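See below for the structure under consideration.
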Amino acid sequence: MTPQAALQRVIEHREIFHDEMVSLMRQIMSGEVTPVMIAAIITGLRVKKETIGEIAAAASVMRELATPVKVPYDRHFVDIVGTGGDAAHTFNISSTAAFVVAAAGGKVAKHGGRSVSSSSGAADVLEALGANIMLSPEQVAACIDETGFGFMFAPNHHTAMKHVAPVRREMGVRTIFNILGPLTNPAGAPNTLMGVFHPDLVGILVRVMQRLGAERVLVVHGKDCLDEISLGAATMVGELNNGEIREYEIHPEDYGLQMQSLRNLRVGSAAESREMLLGVLGNQPGPAREIVCLNAGAALYVANVADSIGDGIVRAREAIASGAARAKLDQFINATKKFA
């Protein structure tokens, strides 16, 4: 499909079918499409509203072109990731939860980048903690093997995005590329806890992950507009398990947690996020620890470590209280420094 034909299709609010979208994405990612046409097409898709099929096709091309991290299959492998864009400016909840999960029996292949709309992206806080994030795919694999935790800095694995990045920067609005990152884990983690910035994306992205062959997935959206499981409101959930999809809501009270404002979880920089992360892993009581336990518990459930989210929360608390989660952070940082 030519870019001009694709643009005409989206202007008419008609779907671009799978093979056409695959062809179009390959052209975009190889630099064959001009910046003007890229901007027009992705704007048209946004206005039309991207379909499950269009997103799945685009993600399949991103996966095909990504530089992979080759690790043995493990049913406890999980990615904990968010689309960002929720404008909540909370500390790095998913990054903190990832260390808890790795300490409690999961294996984490975390995929992320620098801040776009938040105060601190995953890459920013890990660097603030002293980790070396500029690892080769082989070094990331070695880190996962040694520590049970690895971080894949997105620009190192999606080099074809260089043709799109300047367009996205200049446009400054959400497009299909905001939701492709969480769908394209270079290590191929079979399980995912994915936070999304809009309620409509819960049902859409859990079905995209189903089409992409994921095993277990929780797509979540806090109804206070958080792209995590929230302490401040009910959370919408789309669950994929054994090929079946369920959609439901969960509440903090379901797990004996008190609903509370996110105000005390906000940060203004990676340094502030670092301090909050260290406080949680140091077992400092408060809402930050509670929201991390809630999200880590869900990740342990989706990673086949816990039998339920509630069981996962118990395991998360134990990993923090015992010092295992903080030890996992230190182990990871030391492992990455060996490659500096």
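The backbone N, Cα and C atoms fix where each Cβ goes, glycine too.
On a predicted model such as this, the values are computed, not experimentally measured, just so you know.
According to Swiss-Prot:
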type	residues	note
BINDING	Gly82	anthranilate 1 binding site
BINDING	Gly82, 85-86, Thr90, 92-95, 110-118, Ala122	5-phospho-alpha-D-ribose 1-diphosphate binding site
BINDING	Ser94, Glu228	Mg(2+) 1 binding site
BINDING	Arg168	anthranilate 2 binding site
BINDING	Asp227, Glu228	Mg(2+) 2 binding site
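A map of Swiss-Prot features onto the structure.
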| residue | record | Cβ neighbours (10 Å) |
| --- | --- | --- |
| Gly82 | anthranilate 1 binding site | 27 |
| Thr90 | 5-phospho-alpha-D-ribose 1-diphosphate binding site | 25 |
| Ser94 | 5-phospho-alpha-D-ribose 1-diphosphate binding site | 25 |
| His111 | 5-phospho-alpha-D-ribose 1-diphosphate binding site | 27 |
| Arg114 | 5-phospho-alpha-D-ribose 1-diphosphate binding site | 16 |
| Arg168 | anthranilate 2 binding site | 18 |
| Asp227 | Mg(2+) 2 binding site | 27 |
| Glu228 | Mg(2+) 1 binding site | 27 |
Cα distance (Å, whole number) from Glu228 (Mg(2+) 1 binding site) to Thr90 (5-phospho-alpha-D-ribose 1-diphosphate binding site): 10
Cα-to-Cα gap, His111 (5-phospho-alpha-D-ribose 1-diphosphate binding site) vs Glu228 (Mg(2+) 1 binding site), nearest whole Å: 16
DSSP state at Glu228 (Mg(2+) 1 binding site), helix/strand/coil: coil
Secondary-structure category, per DSSP, in which Arg114 (5-phospho-alpha-D-ribose 1-diphosphate binding site) falls: coil
Integer Å distance between the CA atoms belonging to Asp227 (Mg(2+) 2 binding site) and the residue listed as 'anthranilate 2 binding site': 21
Binding-site residues near Gly82 (anthranilate 1 binding site) (Cα-Cα within 10 Å), from Arg114, Asp227, Glu228: Asp227, Glu228
Length of the line joining the Cα atoms of Ser94 (5-phospho-alpha-D-ribose 1-diphosphate binding site) and Glu228 (Mg(2+) 1 binding site), in Å: 8
Glu228 (Mg(2+) 1 binding site) to Arg114 (5-phospho-alpha-D-ribose 1-diphosphate binding site) - Cα separation in whole Å: 18
